[in-house]
Every structure is written in structure tokens, then in C-alpha cells.
Amino acid sequence: SCSCKRNFLCC
């Protein structure tokens with residue numbers, strides 16, 4: 001899963 005807090009590319 002993606003998390004914006006960890007990886008801004010997922011936002």
C-alpha cells in the first residue's frame with residue numbers, strides 16, 4: 001500500500 005506521509009509520489 002501507499003502512504004503519502006512516507007512517499008509523496010503516492011499522493
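These residue numbers are counts, starting from 1, taken along the chain as shown.
For all residues, glycine too, the Cβ spot is worked out from N, Cα and C.
Just so it is clear, the model here is predicted, and its values are computed rather than measured.
Per Swiss-Prot, the features are:
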| type | residues | note |
| --- | --- | --- |
| DISULFID | CYS2-CYS10 | disulfide bond |
| DISULFID | CYS4-CYS11 | disulfide bond |
| MOD_RES | CYS11 | cysteine amide |
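Take the CB of CYS11 (disulfide bond) and look out to 10 A: across all protein chains shown you find 8 other CB atoms. DSSP assigns CYS10 (disulfide bond) to a helical segment in the three-state reduction.
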